[in-house]
Amino acid sequence: MGIKLHSRPHSLSLVLFLGLLIQFSWAAIEKKTYIVHMSKSEMPTTYSLHSNWYDSCLKSVSESAEMLYTYNTIIHGFSARLTEEEAESLRTQQGILSVFPEQIYTLHTTRTPLFLGIDKYDELIPDVSDSTSSDVVIGVLDTGAWPESKSYDDKGMGPIPSNWKGECETSKDFPSTSCNKKLVGARSFSKGYEATLGPIDESAESNSPRDDDGHGTHTSTTAAGSAIANASVFGYASGTARGMASRARVAVYKVCWKGGCFSPDILAAMEKAIEDGVHVLSLSLGGGNSEYYRDSVAIGAFTAMEKGILVSCSAGNAGPTPDSLSNVAPWITTVGAGTLDRDFPAYVSLGNGKNYSGVSLYNGKPLPDKMVEFVYAGNASTASNGNLCMTGTLIPEKVAGKIVFCDRGINARVAKGVVVKQAGGIGMVLANTAANGEELVADAHLLPASGVGVKAADAIKSYLFSDPNPTATIMFAGTKLGVQPSPVVAAFSSRGPNTITPEILKPDLIAPGVNILAGWSGAVGPTGLASDTRRVEFNIISGTSMSCPHVSGLAGLLKAAHPEWSPAAIRSALMTTSYNSYKSGKPVLDIATGNASTPFDHGAGHVDLIAALDPGLIYDLKTEDYLNFLCAMDYTPAQIRSLAKSNFTCDPHKKYNVADLNYPSFGVNSYSTGSDGSTLVVFHTRTLTNVGSPGTYKVSSAITTTGPGKDAVKISIEPDTLTFTKMYEKLSYEVVFTTTTMPSGTNVFGRIEWSDGKHIVGSPVSVTWN
C-alpha cells in the first residue's frame, strides 16, 4: 500500500507533465488566420508581380500555408492561416508593415420616407430624380439578399450604368436571373469564415449570396429598396415600403454567416466593392474598438474614402452604456438610432382595473375574452434566473393556461415567449429593465404578448406581488401614427465618447432605427427562430443596423444631387443640418433616462435630408487631412502605410494637432493643471466651404449643459463673422475653449452655429475632464 500511495503522485506528475507538454506543443502548431500588410514600394526587384512576392514571403515561413485572399486595393498583402510562431517570423521580414490576427464582427441588429421628408426630394431636385439617382450604386456588406423580395423590383428602371463593373455570382440557389437592374451585383466571401470554422454547412445556410438570415435583405432594401405598395407585417405598419434612395442600384456582398463576419472576408468584399464601382458603402456590423491601423473596417473605409466613396457604419447596440461605440474612425460616418412617430400599442389590462401600454406585432389567435390568471415567472421556477424565462426554467404546472410575466435579459425577447408557450402558458408580458428604460421594441411574438417599459413593469410587478389572485389580459390596437415625442434616442444605441480619439466626437448623428419595416428573407420567419414557420415578405426589426442604411440611402441621394461632393462634404451636410430639439424648442430626449439626450447619445443630432440638400456651408476633408491627423496621433510610418498604402511620412518639423482635423464637431479633452480654479486653453481650427449663394454668416455658441460644469467652459470664436462672395470659397476660423478644473469624468456639452439667416450650420461640442 505504501508503495502504491507513493507511486500515484509520481504517475500523476508524469501525466500532468505530458499534458502540459502536449498543450504547449499544440499551442505552437495551432493555426489562426492572419492579415499580412505589405509595403508595396519595398518589393524586391527580383519579383515581377506582387503576388509572387507575397507567395515567397509566405513560403519562407510555411511550406503548407495557403493564401485565403490577396489584396491589391484595400491593402497590399494577403491573409493566410499561420501559427503564432510563423506570424512572428513574418513580422521580422523586410517589407512587412504588420501581421495581425483576424477580427470577428457581429451584425448590429413604411414610415421613414415620410418621417424624413423624402417625399419632398423629387420636388426640390427634379433634374436628378430619374437619371442621376439611378446611376448611384449602394454597396451593402451583410448577410446577402433574398432576390425574390419585391423590394428588388426593377420595373421602370433604365439600363445598368455602363461604368458598373460588378458581377452576379451564380450558384444552384442563386441563378443569373437573381440580379436585375435594381440588384446589380451579388457576391459572397467565406474563405476567412471557413478557414476558422470549417466548410459552410449547406444544409443550414446557402453557400452563395442568398440571404438565409433576413438582416442583409432588410438593410439593403432600407437603403435603396423599390417602392412597394400595400406592404405590412401581419397588417401592422401598412403602406408603401420604399428605401431611402429608391431609384438607386443595390449591390450586396455577403460577408456574414451563422458563425459571424470575419475580417479577411470583409476586407476582400470592400476591395471588390471599390473595384466594382459603388458610390456608397453600408456596413451594419462592428467588432469593438481597436487602433485604426488594426481595424479592418477602418482600413477598408480609408481606401474607400480615398476613392471618393462614403462609408456609413452602425454605431452598435451596446447602449446606454457609455464608451460603447464601434466604427469610430473619422473617415467613417457613424450612425446611432432613434425612434419614429409610429407605434404598435398592446395594452396590458390588470384585474385591479388598471391598464398599461406596451407594444407588440402579434396577430395570431387572441386570448380568451375574459381575465386570465397571471403569474410572475420567478415564482413559477426553481432556477435562480427563472424570472428571465430561459429554456427549461419554468414549471409547467405553475404556468399552464396563464399569462406569464418575464423580465428582459440574456436570451432573445421572442425566445422567452417560446419558452412560456412550451411550458403551457398562453400569453406573456415582457418587462423592460432599467437598462432598457421606456424603450418599446415591437416583436412578432409567437403567442399573445406585450413588451412594456420599466415604469409599467414595476407597477405590474407590484400588483403581481400584492394581489393573492392576480389576473390580466392583453389587447392589441394595431398601428398608431403621430406618436410624440419623436424622435427619441434608442436605449440600445451605443454611446460616446470615442475611446480611440476623444477629440473626434462620435456618433456622428442618429437616424430611424426602431421598429423599421423593410424587405425580408423567405428562408426564415419574422422572429428568426427555428420554431417560427411563418413567412413574411417584409419585417419590422430594430437596431443601429437599421439606422445605418437610412444614412447610406440618404448619402446616395445627396451624391445624386451633388455628384462633385466628397464623402466628407456629404457627411458634413448631414451632420450640420441635423436637429437636436423638437419644434417646441425642447431638446430631443434619451429614452433610456427620460432626460435630454447629449452629443454622446445623438452626435450632431437627427438627420434631416431636406436641410442637408442645401447646407449652405460644409466642412470638407481630403486624404492629406486624414494623413496629418494620423501624424497627430503619433502613428509610425508603417502604421500610417497600413491605412494609406502610400509612402507618406510625417514632417518632423511640422506640429500636428488632432484638434485641427476639419471635422463638423468639437471634442475637447480637459484636465486639472493644478489646484481648483486653474485653467486650460484648447485651440481648434476649422475651415468652411461655401456651397450655396454668397452671404455673410455670423457665429453663435452656447453651453447646453445645465448641471455641474456649465460655468467651467468658455467658448470664444475668431473671427465671429465670415463673408463668402462666391461658390466653393473657403474661409477659416479658430475656436478657443477655456476650461477650469472639474472632477474627472465630468462632461459638458455645447453647440456652435453659423447662420446667414437662412441656413444654420451647427456643430456639437463636448468637453470632458480626464
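Heads up, the Cβ atoms here are built off N, Cα and C, so glycines get one too.
Just so it is clear, the model here is predicted, and its values are computed rather than measured.
Taken from TrEMBL as is:
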type	residues	note
ACT_SITE	Asp142	active site, charge relay system
ACT_SITE	His215	active site, charge relay system
ACT_SITE	Ser545	active site, charge relay system
DOMAIN	33-108	domain 'Inhibitor I9'
DOMAIN	134-582	domain 'Peptidase S8/S53'
DOMAIN	388-460	domain 'PA'
DOMAIN	660-767	domain 'Subtilisin-like protease fibronectin type-III'
REGION	198-222	region 'Disordered'
SIGNAL	1-27	signal peptide
Whole-number Å distance separating the Cα atoms of Asp142 (active site, charge relay system) and His215 (active site, charge relay system) is 7
Counting only residues at least 6 beyond its ends, the same-chain positions whose CB falls under 8 A of a CB in the region 'Disordered' (198-222) are 107, 109, 112, 138, 140, 142-147, 149, 151-152, 169-174, 178, 186-188, 190, 241, 243-244, 250, 252, 254, 256-258, 282, 284, 516, 518-521, 523-524, 528, 539, 541, 545-546, 548-550, 553
Here the 10 Å Cβ neighbour count for Asp142 (active site, charge relay system) comes out at 27
Using DSSP three-state counts, the residues of the domain 'Subtilisin-like protease fibronectin type-III' (660-767) come to 4 helix, 64 strand, 40 coil
Expressed in Å to no decimal places, the gap between the Cα atoms of Ser545 (active site, charge relay system) and His215 (active site, charge relay system) is 8
Helix, strand and coil residue totals from DSSP for the region 'Disordered' (198-222) stand at 8 helix, 1 strand, 16 coil
Across the domain 'Inhibitor I9' (33-108) the predicted model averages a pLDDT of 92
Across the domain 'Inhibitor I9' (33-108), DSSP yields 23 helix, 28 strand, 25 coil
Neighbouring CB atoms within 10 angstroms of the CB of Ser545 (active site, charge relay system), all protein chains considered, total 30
